[in-house]
């Protein structure tokens, strides 16, 4: 179980509800979020924002920027619930900040699906030291 949580920390969003984010990514892309996106490119997983390597990596960059805009909640600590109906993610959360967090996660899951054609296996376990200088949102 401890190994699962260590690996789970490598997910795209590290912050927020890792389980919910992982489920969204799996539902939208059909890919395992940990093995496919956990250490992908320069922006998926742990670390700061860098110049994206491709469309998939850009999704993770935008997701980190989305989390940066959150107010009144902590993406590292707070969680949420959502539903998945008719192949659609529904953020049915009453708390405004948790709803924003859910919407950030929904957006990255959809973005990853829309960028499946940009997914490049050479970026799957990409060394961060090869990433260009940090980029701003």
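Even glycines carry a Cβ here, placed using N, Cα and C.
Annotated features in Swiss-Prot:
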type	residues	note
SIGNAL	1-16	signal peptide
DISULFID	42-131	disulfide bond
DISULFID	44-60	disulfide bond
DISULFID	59-111	disulfide bond
DISULFID	65-137	disulfide bond
DISULFID	66-104	disulfide bond
DISULFID	73-97	disulfide bond
DISULFID	91-102	disulfide bond
SITE	121	site 'Important residue of the cationic membrane-docking site (MDoS)'
REGION	121-133	region 'Important for membrane-damaging activities in eukaryotes and bacteria'
SITE	124	site 'Important residue of the cationic membrane-docking site (MDoS)'
SITE	128	site 'Cationic membrane-docking site (MDoS)'
SITE	130	site 'Hydrophobic membrane-disruption site (MDiS)'
SITE	133	site 'Cationic membrane-docking site (MDoS)'
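Here the features listed in Swiss-Prot are painted onto the structure.
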residue	record	DSSP class
44	disulfide bond	coil
59	disulfide bond	helix
65	disulfide bond	helix
73	disulfide bond	coil
121	site 'Important residue of the cationic membrane-docking site (MDoS)'	helix
128	site 'Cationic membrane-docking site (MDoS)'	helix
133	site 'Cationic membrane-docking site (MDoS)'	coil
Recorded positions near residue 44 (disulfide bond), in sequence order, restricted to 59, 73, 131, 133, 137 and a 10 Å Cα cut-off: 59
For residue 133 (site 'Cationic membrane-docking site (MDoS)'): intrachain residues, at least 6 apart, with Cβ closer than 8 Å: 50, 51
For residue 124 (site 'Important residue of the cationic membrane-docking site (MDoS)'), the one of 42, 59, 65, 97, 104 that lies nearest, given that the disulfide-bonded residues are compared by Cα: 42
Euclidean distance between Cα atoms of residue 130 (site 'Hydrophobic membrane-disruption site (MDiS)') and residue 102 (disulfide bond), Å: 31
Set of same-chain residues at least 6 away whose C-beta sits under 8 angstroms from residue 130 (site 'Hydrophobic membrane-disruption site (MDiS)'): 42
From 60, 121, 131, 137, the recorded positions whose CA lies within 10 Å of that of residue 111 (disulfide bond): 60
Around the Cβ of residue 128 (site 'Cationic membrane-docking site (MDoS)'), the count of other Cβ atoms that are within 10 Å: 14
Neighbour tally for residue 66 (disulfide bond), based on other Cβ positions within 10 Å of its Cβ: 19
